[in-house]
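According to TrEMBL, the protein has these features:
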ACT_SITE  Glu110  active site, proton acceptor
BINDING   Thr32, Gly33, Ser34, Thr35, Asp88, Gly89, Ala90, Asp91, Lys101, Gly102, Gly103, Gly104, Lys128  substrate binding site
Amino acid sequence: MAELSPIDKAKFVAAKRAAEMVEDGMRVGLGTGSTAAWLVRCLGEMVREDGLKIRGVPTSTRTAELARDVGIEVISLDEARWLDMTIDGADEFDDELNLIKGGGGALLQEKIVATASDQMVVIADVGKQVETLGAFPLPVEVIPFGWQTTKALIEETLISMDVLGRQTSLRMNGGVPYITDEGNHILDLHLNRIGNARQLALVLNQMPGVVENGLFIDICDRVVIGYGDGRVEVRDINEGTVEQERLDFLEEDNLFSDLME
Ligand code: 5RP
């Protein structure tokens, strides 16, 4: 078995630490992406081996499939109505725990699910931490009808926004436009630096054709930051606390073998 890269170890320990926050009986929002996939595997193991009783609301068809595969009971958001906790990855997070999400194209369901939760916990390797959001291209979900007009409107609006770049691109997948679970397209906004994320998030969502943007402002409560050497740091924005610990793990663990397949 090939050894896990430091970045994968960092994602794994963040996911494992966050999984420990989940308690019996919880309705849990399950994020999308490679870090969230580690979380779903960890929770699946806790369900199968420790008898943890949870119901999961996935944020994408990919996550739904994985959750069922590992033995988590999957329910829809409409069945759950409200969630105890959502755990998800992020493409960037800043000191205020504002986020850029949507690198995996699931930002719409992710934002709906996170907003419908008592708590949102972000799991991320330390490389996702930034001083100012915007180096990662900001995903914006747009409806296919008139997407080029929407793109032009966004570019024009960006002229008056506090950003460093204004280039936008339609996300592609194998030579054709990427289609989200909701049947929409994604425009990636190459802004380099977002001076006022709150304002930009509001302005983007005012535009006809825009369904949702990947800025998560005041949604995340805690971030679990993983390091390649097994250290984790838990920051709680509401309590103002920072806790550090080291997680021991063996790459020979069954969970790891599963994940490496
Ligand atoms: C998917 C997301 C992901 O959480 C984000 O892209 C991070 O992914 P990864 O954990 O693979 O780095 O927002 O829409």
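In case you wondered, yes, glycine gets a Cβ from its N, Cα and C as well.
What you see is a predicted model, and the numbers here were worked out from it, not measured in a lab.
Close contacts with ligand 1, defined as a Cβ under 6 Å from any of its atoms, occur at Thr32, Ser34, Lys101 among the binding-site residues Thr32, Ser34, Lys101, Lys128. A coil conformation is recorded for Lys101 (substrate binding site) in the three-state DSSP classification, outside any helix or strand. Apart from Thr32, Gly33, Ser34, Thr35, Asp88, Gly89, Ala90, Asp91, Lys101, Gly102, Gly103, Gly104, Lys128, the residues listed for substrate, the same chain places the Cβ atoms of Gly31, Ala36, Glu110, Ala124 within 8 Å of the centroid of those Cβ atoms.
Most buried of the binding-site residues Thr32, Ser34, judged by other Cβ atoms within 10 Å, is Thr32. Taking Cβ-Cβ distances under 8 Å and a sequence separation of 6 or more, the neighbours of Lys101 (substrate binding site) in its chain are Asp88, Gly89, Ala90, Asp91, Leu107, Glu110, Lys111, Pro139, Gly214, Phe216. According to its DSSP assignment, Lys128 (substrate binding site) is helical.
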